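Among the features that TrEMBL reports, transmembrane segment is placed at 20-46, 58-80, 100-118, 139-159, 188-214, 379-400, 420-444. As annotated by TrEMBL, domain 'G-protein coupled receptors family 1 profile' applies to 40-441.
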Amino acid sequence: MNNSTGLTVNDLDRVNDEMAVILQPVIAIVCVYMIIGLLGNPLVIYYYGCSVKPSPSYYFIVAVAVFDLIICCICIPLEIIDMMFSYKFPSAIGCKMFRFVNYFSSMGTGFVLVVIAIDRYRKVCQPFKTQITMKMAKTIIFIGCFASACISWPIFVFYDIHAVSITSVPGLIGYDCTTVREKQYKLFILIFNGVCFLIFLVSIITLTVLYIFVGKKLCYLKRFRFSTTIEKPFKNIETRPTTSSGVQSHSGRFKHDISSSPKLIQLMKINKRTYTTKSSVYNPGKQNAKVSFPESTQNSNKKPPLLTEKTFSTLIRTYIKEENSLNNSGQTDSNVISDFADSDSDARNSKHDFRNVRQRRLIHTKKKIRDQYIHLKKYTLLMFSVSLAFIVSFLPYLALMTWRTVVPQHEGNLMTKDQLVAYNICIRSWIISSVVNPLIYGFFNADFSSFVFGRIKRCLFCGSKQKYETNSKQESSHTA
């Protein structure tokens with residue numbers, strides 16, 4: 001520092017302390033961010049990495065949580081140091097590493113969120129195409145880290161300890177960790193910020209378009225009502241007895257129900273096929289009668305949606321097979337009953353038990369379809385919320401970074417105290433995405449919330465439980 005004007009180190013300390021006092025609200029807010037992130041992100045990593053069954057989607061969640069934890073462990077403490085030493089940042093190497101880790105983690109998080117959106121789109125809208133496997137997920141995460149490092153390396157050139165003229169004290173020079181202000185670097189810094197902003201804009205457009213397609217497909221699927229009850233049969237088919245005596249003695253015995261539920265009609269529309277069953281009656285002179293399922297007028301004008309998940313398609317084919325088998329069973333058993341009239345009651349009881357088993361299997365299949373849809377919708381909404389939080393948190397930061405690059409003077413010389421507080425809160429808005437993600441996981445995932453509360457209860461009551469056991473042992477030893 002130049003002391004020709006009679007200024008001393010104490011003057012710089014005084015100005016630095018005054019700025020630290022002004023930024024105390026910002027420091028307090030950032031400290032709260034850090035505490036929440038340090039508590040929440042390790043729980044996310046442990047839960048999705050160790051407690052649940054591994055899957056590519058969970059690998060991506062763990063990768064995002066690791067990037068967020070790096071920000072909470074390295075970047076946020078250095079942000080606090082930067083605010084406490086606004087004019088006396090202690091280390092140039094620390095400044096460069098601080099900014100590099102900041103850009104690296106943010107780029108990596110954005111890359112993984114885009115991949116998650118692509119994965120959601122392929123699973124919902126293109127279920128029969130090749131999906132991301134576990135090995136592919138690990139490779140994609142590695143590529144994302146490498147790409148983030150390649151994009152962020154100019155930070156080592158553009159950020160340094162920069163001399164700042166303090167206008168409140170004429171002639172006083174401070175030192176801040178910021179972008180270099182020399183004219184020869186200004187064009188390159190603008191290009192770098194432009195590239196970062198372009199990447200951010202492309203990411204926003206990609207996320208928006210993909211989640212719009214996914215949302216439309218999920219709304220399309222919602223029309224398919226996943227009922228867990230079997231509809232009542234609406235048509236009775238009476239088989240024709242072989243003789244006139246059979247008409248008198250067995251006129252009411254050979255009525256068999258063929259259940260044609262509206263849900264099955266929708267499924268037949270989806271697959272664009274007509275399902276028919278043939279009722280074989282023991283009659284050598286007659287051909288097999290063909291029985292078709294009529295469509296109800298209520299559903300004839302509706303256009304049911306196409307199911308998209310591969311799992312849904314498999315379960316629906318099983319549903320149709322079971323429904324047809326259930327309908328055919330009554331007709332097939334009619335031959336046996338007509339041939340063995342003496343054991344008619346036993347045959348009808350066995351047929352009733354068989355139909356009950358079929359009905360239970362159909363209910364189980366429909367429940368699986370409904371559960372798959374609910375899980376798909378919840379996970380998609382979860383990752384959409386994480387992506388939205390990432391986008392919203394970075395908008396103020398990028399806007400202010402562009403402004404700071406264009407303006408040559410230090411912000412401390414241009415703003416009032418209130419404006420400085422607002423400026424420092426907004427320019428650190430990118431931290432919010434790293435902190436709010438565990439809260440989003442807890443809100444949308446009830447299992448994760450139960451896991452977190454269980455760990456909290458275990459930590460809170462572990463000490464009291466041990467103390468209680470120690471006291472009980474002492475009392476038992478005294479009584480002995």
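Heads up, residue numbers simply count up from 1 along the chain you see.
In case you wondered, yes, glycine gets a Cβ from its N, Cα and C as well.
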Honestly, do the transmembrane segment (188-214) and the transmembrane segment (420-444) touch, with at least three Cβ pairs under 8 Å and pairs 6 or more apart in sequence?
no
Over the domain 'G-protein coupled receptors family 1 profile' (40-441), what is the model's average pLDDT?
73
When you scan the chain for residues with a C-beta under 8 Å from the transmembrane segment (139-159), skipping those not six or more beyond its ends, what do you find?
59-60, 63, 95-96, 99-100, 103-105, 107-108, 111-112, 115, 132, 177-180, 185, 188-189, 192, 195-196, 199
Of the stretches 20-46, 379-400, 420-444, which racks up the most C-beta pairs under 8 Å with the transmembrane segment (58-80)?
20-46
Under 8 Å between C-beta atoms and at least six residues away from its ends: which parts of the chain pack against the transmembrane segment (20-46)?
61-62, 65-66, 68-69, 71-73, 76-77, 79-80, 83-86, 417, 420-421, 424-425, 428, 431-432, 434-435, 437-439, 441, 448, 451-452, 455
